[in-house]
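Encoded as C-alpha cells, the structure appears first; notes follow it.
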Amino acid sequence: MEQHVTPCEDAPPPLMYRVERPVFDEAYLHTQLLHPRERSPKTIRQRLAQQLHCSSERAKAIALSFLPILTWLPSYPVKEYLFGDLVSGLSTGVMQLPQGLAYAMLAAVPPVYGLYSSFYPVLLYTFFGTSRHISIGTFAVISLMIGGVVVREAPDSMFMIQALNGTATNTTVFIDTEARDARRVHIAVVLTTLVGVIQLVLGLLRFGFVAIYLTEPLVRGFTTAAAVHVFISQLKYLLGIQTPRFSGPLSALHSVTAVFSDITSTNVTTLIVGGVCMVVLYCVKDLNERFKKRLPVPIPGEIIVVMVSTGISYGLSLSENYQVDVVRTIPSGLLPPAIPDFSLLPNLVTDSIAIAVVGFSMGISLAKIFALKHGYSVDGNQELIALGLCNFVSSFFHTFAITCSMSRSLVQESTGGNTQIAGLLASMVVLLVVVAIGFVFQPLPQTALAAIIMVNLLGMFKQFRDIPALWRTSKIELAIWLVAFVASVLLGLDLGLLVALGFAILSVIYRTQSPKSVILGQVLDTGLYCDVDEYEKAAECTGIKIFHSNSSIYFANSDLYLNALKEKTGVDPVHLQAIRKARKRKLKKESAERESQNHKSPQKMSAVVKLDLELGVTHEVVAGGGSQNHLEVQGNGQVAETHTESDSEETRFLEPLCPVHTLILDWTPVNFIDSVGAKAIKLVIKEYAAVDVCVFIAGCSRTLLAELRTLQFFTGVVAPEMVFPTVHDAVLHCRRRTAPPTITAIQ
C-alpha cells in the first residue's frame, strides 16, 4: 500500500505568541507597573574617591594595560611560536631595510634616518602595543605628509649659494645640501615629537574613539590620493631629472608640470635601471601572490633588487660614469640622543594633528582586522599611547613619524608571525645593518628606491575598485570617497583630510535631515505595523494616521520632521483652521441675509404664517433671527416630522473638517530629542487639538522618556496618558475612544 507523505507533515508546529493584557499608557506604566530604583546622587568627592582609589589589584591592572607585553610574554609558548616568529621577523626585517631607505626620500631627509625610524619605534612597540601582527615603522602616506611639511619649512631656495666662476660677472648658483638636509632633519624630528605628544595625550585622555570619525571610504579615498602624490613625487627619481619639490595646494599639478617640462633631460641609464627594477619587483610580487600557499616564505623581492642594483652600481660606477644619483653617505652606528629644537613648534601644530590622527587611524584599522582574524582584542586607547611613545621617545634619537605598514604587516602575518617577537627580531636586522654594514648600501641607485616605492603603491591603486562597488551600495559613501580623493590630490594631504572630514560630518547631518518618512498600516490580525506603500498586507486604520520617521528630533531637523508629518498624513492644522474660519464667515453671512429679508417683508411673512396655519405648518421667529419649520401631520399615531434650519446650520458647522481624527507618532527610531524638538512637538500637538485631531506618541524608549521628563514635556496640552509603549497599544486606545456608544433598548 502506497503512502503519500506531504512535505509539511513532519514540519514542527509554528511557535505561537499569545499575550493578553490591558492597553498600557505611560501614566500607568510609570506609576503602577514600573517602579524606578531610588538612587542617591554621588557627590564630586565620592566620584573622585571612586576613580582615584588604589589597591594592589588596580595597580596590577594598570601596569598590565600600560605594558601589554606582560600579559603574554610570561606564558609565551616557545615550541609553538618561536620558529614562526623567527621566520616572520627575518622576512619583515629584510623588507623593512629597503622601505626605510626609500620612504626617507619621501620624508625629504637622508636615507639613513629611514633606518633609524625602522629600529627605535619597532623596539618600543614590542613592549607597549596591543596588536601582535602589525609591523610598525615607516609608511608611504605619513612619510609624504612629513616631506610636505619639511619642504614647506625648508625649501631649496633658502639654501642657494652664489659662487664666483672665474670672473666677477660669471657666477654659479648651487644648493648647500648639507645645511638643507640638516635643517630638514631638525624639522622632521620636532614634528615627530609633537605628533608623539598629541597621540600620548589623546591616549591618556581615553580619546581612542577619534578614529571612528575617519570612516573607511574617507580613509581609502585619502590613501589613494596619497598614492597619487607619492607616485608623482618619485617620477623625477625614476627619470633622473632635477626638479624642485612642491608643497601646498596644487602641488601635484606643479610637480607633474615640472617633470614634463624637463623630460627631455631624462637620464636614460637611470630610467633603464629603474624600469628593470620595477619589472622585477612586479613579477616577484605576482609570484608571491599566485603561489602564497606553496611558498613557505615570500620571495624578498625588495632586498634582492637592492643588493643586485647596489652591486651593479658599484661594479659599473654608475654614479661617476653615467651620472646616476645614488644614496651616497650612510654613516655607521647610531647617533647619540639630542633634544629637538622646540622653537619650530608653532608652525607645525596643525600638521602634527593631521599626521597624528592619520597615523593612528591606519594603525588601529589594520590592528582590528588582524585581531578579528586571530581571535584577540586590541585597545584603541593603548594603541594611541603606544604610537605616542614610539614617536615621542624615538624623536630624541633622530627619527621621523611612523605608523604601521600594510605591506609589511601582511608579510609579518602570512609568514607565521604570532607575537611582536617577530617585530623585535625585524628591528634587530635593521640594527645590524645600521651598526655594521650600512656603508654597503652607499652605491644604491635612488631610482631603485623609487621603483620599490612605486611598486608598493599597487595595493593602494587597487582601491579605485571601490568606486563601482560603492556606486551599487551607497551613493553617500561614494561621495565621501570621491571628495577625500579629489580634495587630497588638489589641495594637498593636510587640507584634503580636513575637507574630507568636514564633508563626512556634513553627510551625517544630511542623513538626519533627509530621513525616510512613511505611513504605517496594520498587518491583518497581528500587532505588526509596516509601510503601506511598500507592503500589500499593511492596511491603514480608519481615521488614524501612523507616522514613522527614522531620525531623532533636534534643532536641525525639527521643522523638517513637522513638515514631513503634515505632508505624509495630509492633515495640516493651519489649512483646517482656515477652512473652519471660512465656514464660520459663510454661516454668519447667510444668517445676516435671512435677518435682513425678515425685516423687509413682515406683512408677507404674516400672510404666509396664516396660510400655513391652515396647512398645519407653523413659523416661529427665534432669538437668533432665524426661523424653525415644524411639519405637524397628525393622524394614525404618527410622529410629526421636524425640519430645523438652525439645527442644519449647526450640523454643517460641526461636521468634521477632516476624515482623520487621530495621529500616532511612532518614536521607535528616535534616539534623542532636545529642547527645540520638544517645543516643536508640543506646539504641533496644540495646533492639531484646535482642529479636533488628537495626537498620541508610541514606542518611546525609557531613555527618551527620561529626557522628555527632564525637558518638562508632560505639561500643558501633553500628558503621560498620551504616550503608549507600542503602536498597537495606541491604536487600540484610539479605536475604543472613537467607537460609537452602545445603545441599550428599553422595553
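For all residues, glycine too, the Cβ spot is worked out from N, Cα and C.
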Per TrEMBL, the range holding transmembrane segment, considering 134-151, 674-691: 134-151
Whole-number mean of pLDDT values that fall within the domain 'STAS' (534-734): 77
Most Cβ pairs under 8 Å with the transmembrane segment (448-464), selected from 134-151, 187-214, 295-316, 353-372: 295-316
The transmembrane segment (263-283) touching the transmembrane segment (187-214) per 3+ Cβ pairs under 8 Å rule: no
